[in-house]
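Quick notes on the structure that follows.
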Amino acid sequence: MWIPLLLVALVVPAIRCERKCGECNPEKCQPPSEECLAGLVKDLCGCCYVCGRREGELCDGDFLPIPYRNRGHGPCGEYLECRPRTDLAPGDPPEAMCVCLKTETLCGSDGKTYQNECQLTEARYKQRDGLRAMHRGPCKSAPKITSPPEEASNYTGGNIAMSCEATGWPIPVFEWRVDIGDGNTIPLPSDDPKVSVQSRGGPSKYEVTSWLQLLSIQPKDDATYWCIAKNDEGESSAAARVVVLDFRGSQTSQKGRDNDL
């Protein structure tokens, strides 16, 4: 038993020595010279206040192997905890990173959505205008197209798929329409068995993705297609062309239709 106790007795002073923590004299503490967006916390010696490390920044953790401790990163700020990184490649030296403990989405008094309490705290210290959380969950917002459909082409008889992504709260609902060139748009999929529309949540939080699929395309399918995202706060739309080619590689129709809704 005396060997493990001896090792502990040797290691603990070594850790304290690495930190070089002398006698604490708060009067000698220097105020932070930078803007502290994660709040003020006691330093690793528990004496002076320093700027806390922000979410995603490296930090010093006693759980790391001794050679990798006390690298001068400092402690984490408000609502943050220093944890080992789990995204390192094999063979990389161990590191620790500040992780937010309060991960619930919040709606700020500035009308912006914050992914967690730590992001709202950063904004509050930066703006210094009394920013606070109004309620849990995202703020209401009109849809915004984050990834519009792109022009697609294929030969007669081939298939085409287009996608469209949007964010908003409440979660938007998608509608697809086709402009056949006379200024009028037709909702899809209508009653055409060769046209299908699918939607699902993602890929990001509070985002939705919709797909339009056209099977066995014909010259009549050469047109402009619109994706429209709607919710109670408004709507957003984007368009792209479908070009139908013949087997000589030329376009079957040169209608040049890019009309708005």
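Each Cβ is built from the backbone N, Cα and C atoms, and glycine gets one as well.
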Exercise. Please name the cysteine among C48, C51, C59 that Swiss-Prot pairs with C29 through a disulfide bond.
Key: C48
Quiz item: If you pull up Swiss-Prot, which of C100, C107, C164 shows a disulphide to C139?
Solution: C107
Practice problem: Just choose from C47, C51, C76 the cysteine that Swiss-Prot connects to C98 via a disulfide. | Solution: C76
Practice problem: Identify which of C21, C24, C36, C82 is listed by Swiss-Prot as the disulfide partner of C59. | Solution: C82
Quiz item: Do you know which of C45, C47, C51, C100 Swiss-Prot records in a disulfide with C21?
Solution: C45
Quiz item: Can you name the residues of this chain that are 6 or more positions from C59 (disulfide bond) yet have a C-beta less than 8 Å from its C-beta?
Solution: R53, H73, G74, P75, C76, C82, A96, M97, C98
Quiz item: If we check Cα distances from C164 (disulfide bond), which of the disulfide-bonded residues C21, C29, C45, C107, C118 wins as closest?
Solution: C107
Quiz item: How many Å separate the Cα atoms of C47 (disulfide bond) and C29 (disulfide bond)?
Solution: 8
Quiz prompt | C118 (disulfide bond) to C139 (disulfide bond) - Cα separation in whole Å | solution = 17
